[in-house]
Amino acid sequence: MLTKRIIPCLDIKDGRTVKGINFLNIRDAGDPVELGSLYAQHGADELVFLDISATNEKRKTFASLVKDIARHINIPFTVGGGISSVQDVAPLLEAGADKVSINSAAVRNPKLIDDLSRAFGSQCIVLAIDARTVNDNWLVHTNGGRQATDIRLFPWAKEGQERGAGEILFTSMDHDGTKAGFATEALNALHNLLNIPVIASGGAGNKEHFVEAFTKGKADAALAASIFHFREVDIPDLKLFLKNNGVNVRL
Amino acid sequence: MNLVLIKYNAGNIQSVSFALERLGISFNITDDAEQIRKADKVIFPGVGEASTTMTFLKEKKLDQLIKSLTQPVLGVCLGMQLMCRFSEENNTPCLGIFDEDVKRFIPESTMKVPHMGWNKLLLREDSWLNPELSDQYVYFVHSFYVPVNRYTSALTDYINPFSAALKKDNFYGVQFHPEKSASTGELVLKSFLDL
């Protein structure tokens, strides 16, 4: 039986992990390779590395970092941040990334999804969607959530699938940072709407929240950042807890 | 041991190379027929689409070469699928080493396609895979599959049971990605390298 996936997300700026990271027994918590390897050893099923560097110049550093990650980490990983063309993606996949995530650029130019899935295969194209509720409607936001659009979440996710996305990474901005749980209702609606996997993101605060994302939300995978970085939730503990609550995971 | 990784437009060459490096194995990446023929073992990687990949292999005359090899050859993911007779992915005639056809997964309500993530290996008796791999999880990403057949060495269940690993004579195949399957994947590569 296919297992549910746990995915730590690392934000990278100028080649270093950002957000205060509170790890003992790690030489350099700012080193994405070392932190990623540690998560892989702890039983993370995949990793996401998101480049939040501000300039294209700094992004070039990222491609060489991707190669370093691929050299040392023996589980699949997705990279994203500022990808807007086929030319952006080729070097990342050649460097050893398994998937790329696209977000704002796909909203501005939906054909990008078709182009990328045709060039590299749907399996490596993750459509990341940031959305929040405005007057009871889930509206898509771009530019790291700063820019509102009038695009609705569900039709956009469906369009993404039809254009060739292989996965949807849905971040609920309503829940992100609250530590009050994932957007289980919206996740469940996405599950019913789509026949590609859905990754839940935003709101993880404790182990029960992951159980809810997988049971009520029917998510295929769940992503979190700070609770893993600050060791509020330990991945081996979390996976055992999931298993004991009837969620099929890789132990 | 003289190990060769066949160089072509496969998407996972870099990842397979890194996995071999992590094992401390030396190898050559080449599309040179002579070097491939002389190798003790050959790995045929693969991520991509069947028809364009077959066209590429034919242009490079690698299709006839791979079929004619007599040393152990391991096909990974698309590499294994291309070693079959025919793929439903754009109705592509393949190498025909395994006389089996590659089918498309039909999505079911709760079962999504691609089959993406970690799933369990069930080893058949006399499998070439290390017995410790029984019931272990490995990483899959695929929308097409090889049905269970007489060459099946390990199977996995998703929508229906399918071949996770194959073997016929000197030809071996795995549908999953050992290069991305953590320490379990390393044991799979070792199973082949230790043959």
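Cβ from N, Cα, C; glycine included.
Feature annotation from TrEMBL assigns active site to A:Asp11 (among others).
Around A:Asp130 (active site), the C-beta neighbours below 8 angstroms that are at least 6 residues distant in the chain are A:Asn103, A:Val140, A:His141, A:Thr142, A:Gly144, A:Gly145, A:Thr171, A:Met173. According to TrEMBL, the active site annotation covers A:Asp130 (among others).
All protein chains included, A:Asp11 (active site) registers 18 other Cβ atoms within 10 Å of its own Cβ. DSSP gives A:Asp11 (active site) a strand state. Secondary structure at A:Asp130 (active site), as computed by DSSP, is strand.
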